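Report on one structure; see the data block that follows.
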Amino acid sequence: MALGFLVYLSYTPRIKGNIPAFTPETYPIIGSYKFFTHKLSFWKAAQRASKNGMFSFWLGKNHVVGVSGEAARKMYLENPAMDHIKGVILIGHGPDYIDGRKTKQHGIWLPVMAGNKSYAQKNVLNCQKTAELTKRLPKVTNDVRKAFESVASQGFIINPARMCAVLTWDTATRVFAADELIDVPENRAKLLYYLPILQKTSSCHLLSFPWASYFSLPYWKRKYGREGMRRLVTPIVEARMRIIDPVRADDPLQTFVDNGDSADYMINFLISMIFISAANGCVVSGAMLYSIAHHPELQEKIYQEIKAAANQYAADSSAPLVDQLDSLPVKAWENMSETIDLCYKECIRMWVAFPMGRMNEGTTDIKIPGTDEVVPAGGLCCYNTIDVHYSEKLYPEPLKWDPARFGEGRKEMEQEAHGFMGWGAGRHPCNGIRWAKIQQNMMLAYAFAMYKWTGCHKDGSPNTDFIPPTTALNELAPSLPQNLFLKAEPRK
């Protein structure tokens, strides 16, 4: 017993400063393992047990401060010492190497470009300029149209989660990467094999067991997924750099090559951005189609808004609606439907709710507003968006799918700073928001222009039971909704 106690003391570091009290759900050696396995219940229990909504917990030898409430949320999002790249170690999924000790941060993420931007941030923003998106529209609209035309070959019954996820990956890859990854069937098959591995595999548990890296299946799966993506994109980048033919490709990768970017930076950008650009969109897109299909009044309202936008912007307003969509400019896709925008915010609020990671990279402690407690220098800090997105005050009946809460006359979330965090907030807003909204508008526009949708079972029999999009709240990594099916009725 004495030996075990000495081992425990030697394993647990001393923390200086007036930190929040430790949550009762802390166990020797492993720490608060329910942070991984029961994200929602762990967070709520820790809040209830704390005196002010702030608490400490261990993940192995890693001390983490959990914060909640408006003032702490504002500090978390706006303090310049809170680094989101170094804090990603608390997330545990995606293509970046995380072994439980540190995240290996590539140079594409360092803020060394003009305006304190990173190479990755600069390219993401450039890819979404109107001139660039205009060049991508013909291929991405063709991808979306072909995908929904294929619904007929599936007996007009689809799993919206799977179909929309694939479409999200396809179109995001065109906008931020290279056409060969989608146009060459072998490349696309590999892409659609590796991306789900990276999407749903979390090695966050290695924070508690860093010594177990080489015995961890998720750790090796993430390395396998990352290496697979590297082997996929590297030959494409290298081939582009050798081409001197005046007839050149016209996609983002070619722009990077023409700019003289290094192969290493381009390869790492493609690997990371193909994943990141669709990480949440691939989950939310299917939830959007599913949710609206179960609300026929919203579906009809959106259909009418799509028709109005097409009539205003299409090259030939007398053409069939789906043909009108093929000719729409970027401006039309950005202003497609106010109702879609409300639904999008509600789906994001309900589905994209998860712990966020930051590291206090400063040399001094950060005081938590409204308390005498601190986030220690060099320490990890976590905020779970369920604190705001499932707040009874900001979102009455938070488990109810209610897009109207974002409309005029409601907007209860505006009572507090950063009351909606669906697009990031503070110092780190989402850089890909423009494309994300266009992409979602595009998928739903073609879906509703071509069909009326209703809920069904796998065999096509009617199913009017609506399952609000809350099932991912306890999962280690975002995953696609399961066992949801829709039936499409072609519009006349």
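Backbone N, Cα and C atoms are what each Cβ position is placed from, and that goes for glycine too.
According to Swiss-Prot, the feature heme binding site maps to Cys430. What Swiss-Prot records for Asn116, Asn335 is N-linked glycosylation site, and it gives sequence analysis as the kind of evidence. Positions annotated as transmembrane segment by Swiss-Prot: 269-293.
Fewest Cβ neighbours within 10 Å among the glycosylation sites Asn116, Asn335: that distinction goes to Asn116. Look at Asn116 (N-linked glycosylation site): DSSP puts it in a helix.
Counting only residues at least six positions away in the same chain, the Cβ atoms of Trp423, Gly424, Ala436 sit under 8 Å from the Cβ of Cys430 (heme binding site). Asn335 (N-linked glycosylation site) sits 31 Å from Asn116 (N-linked glycosylation site), counting Cα to Cα.
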